[in-house]
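Take a look at the structure set out below.
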Amino acid sequence: MNFMLLSAALASMAVAGPIAGTYPITYPSSNTPATYPSGNAPIWSSPIHGGNNGGNGGNGGDNNGGNGGNGGSGGGNTGGNAGNGGGNNGGNNNGGNNGGNTGGEGGNGGNGGNGGAPVELCPANRVPQCCQLSVLGVADVTCASPSSGLTSVSAFEADCANDGTTAQCCLIPVLGLGLFCSNP
């Protein structure tokens, strides 16, 4: 019902036409009500107020993100995030540059150390031999060199045992003869 009354009031104003007389409007320099010349004030003569001033614009977040550091291996990180935009319309926020160049290749590992000193299967000046022993425990006439690549005295003894011979360290192995032999 209120809507209908308002519609009727507006319609009657439109039909009535303009109000006689002119009313120059002066805008105050502050928010004080406007004044009108003597006579009837127009219907819309409530104090005129200008709209509030728009708020201050925010700071334009023009901070650029930092550059990524140089990576030691695998390249640096990309630049940091740009600063936040201030106010309604932030400034141009640029992300940082791509990460720095990748670091140099890692150095090559050093060479492995040499193996230990060669294994001495027999004391100095003695030659390893696999010999058949006589009944008295003295080396028989048949001796032969053990397999190559033996790495311990126990491997030397096992190698000779596989052939049914005994590991011996001989002073003079000549033509398959074991002379002056002893146990390793």
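The backbone N, Cα and C atoms fix where each Cβ goes, glycine too.
What Swiss-Prot records for this protein:
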DISULFID  Cys122-Cys169  disulfide bond
DISULFID  Cys130-Cys160  disulfide bond
DISULFID  Cys131-Cys143  disulfide bond
DISULFID  Cys170-Cys181  disulfide bond
SIGNAL    1-16  signal peptide
- request: Find the shortest Cα-Cα separation between Cys143 (disulfide bond) and the disulfide-bonded residues Cys122, Cys130, Cys160, Cys169, Cys170, and name the residue that gives it.
  value: Cys130
Message: Checking your reading of the structure: which of the disulfide-bonded residues Cys122, Cys131, Cys169, Cys170, Cys181 lie inside a 10 Å Cα sphere centred on Cys160 (disulfide bond)?
response: Cys131
Task: Counting other Cβ atoms within 10 Å, pick out the least crowded of the disulfide-bonded residues Cys143, Cys160, Cys169, Cys170, Cys181.
output: Cys170
Query: How long is the line from the C-alpha of Cys130 (disulfide bond) to the C-alpha of Cys169 (disulfide bond), rounded to the nearest angstrom?
result: 9
Query: In DSSP terms, helix, strand or coil for Cys160 (disulfide bond)?
result: helix
Task: Could you tell me which of these disulfide-bonded residues, Cys122, Cys130, Cys131, has the fewest other Cβ atoms within 10 Å of its Cβ?
output: Cys122
